[in-house]
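> Okay, handing you the structure first.
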């Protein structure tokens, strides 16, 4: 069977022995967030094996995944489904495909923007950016405010000295500057 | 043994009490750790979700800097950073992404050996010489207080990468708690996920997972929960006080860092750490 480009890209990025999967569904049974996914973990592997990966474009599964690695731990065939979800998310970002859960993609971007700017995550900057993107200002207000009042959220960012060494790592994401 | 220290971004902001209590315990047992100079963010979930280069490159730069400073071991208290450091070491050991490794080596001017022993805080404390000292220094035995040891995901999984404890039935934190005079409870949610990085992006999902964990700890008569992860602590502690948390009228469970509990048992001043918690710890500081 000739595999389509997307299937090949997933295989290349994730390096997973998907053909060993015998659909025991242990991954999906242990997944703490499976009930919110349109394709369950074992179904994602099945779609790759059947070369039907176009169904995974815009699927919410990769974006719901919490990277808890329970599926990886329990797979009797050593398939890291987390790595497959990472590969799918990487491809969505690279090729600007429609993402399954926009709030999650926005959060990754807000987080990494601060790492790109300072070399370290800057939570306040990230929260402000994320709130502006999602326009959801009341969510988690009580918790956020309490954390702020307890001095758990740093006001000023810390920029590392050799910031260019970190920026270089972003060349594949942002292009070189 | 020259030990490096990688606090990570959380320990410098939302988890300052973790940072301070870890360093206080290290000092109390007369050991020394030195922070890696000019360290950067490990990238966390956002990094490995966005690009393979960031997934390896961000943690690897820190490991290389640590090697350059001549550290033989590296203490990484944040479970998320710890997991990504271990993953980076695993990938390099298996010859993956060699171009990226070579690029970073060139940029930092070194030949990377991939030899540093990366330790989480529980591993560090359970080193025979450290736990012996801690046992001798206990000033406030915990008097059988019932504690739920919460491991979460990233300290344990996948076992072939982190190799820390039994991934389905971990017991190392319980051993430590017993040494401090606490009574660890038996409970089934100790290695369940708290929702981690979805805290801001899918809070309703985090609320469901946290409720499951806290309820299970309470059903097994725990008086408090201990953790070794800033994401777990923030989710378990913060979610309980937010308006969208179910069972508002139930007793709230304090969520301490394991280092705070050790520091407390050693008689170190814990008020400043406890003051950072949203659910106030019931221990008399």
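Here the Cβ of each residue, glycine as well, is placed from N, Cα and C on the backbone.
I grabbed these lines from TrEMBL:
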type	residues	note
DOMAIN	B:4-85	domain 'Cysteine-rich'
DOMAIN	B:147-237	domain 'Cysteine-rich'
> Take the domain 'Cysteine-rich' (B:147-237) and count its residues per DSSP category (helix H/G/I, strand E/B, coil), listing them in that order.
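Across the domain 'Cysteine-rich' (B:147-237), the residues distribute as 41 helix, 9 strand, 41 coil.
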> On the DSSP side of things, how many residues of the domain 'Cysteine-rich' (B:4-85) fall into helix, strand and coil, could you say?
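Residue counts in helix, strand and coil order: 48 helix, 7 strand, 27 coil.
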> Averaged over the domain 'Cysteine-rich' (B:147-237), what pLDDT does the prediction give?
96
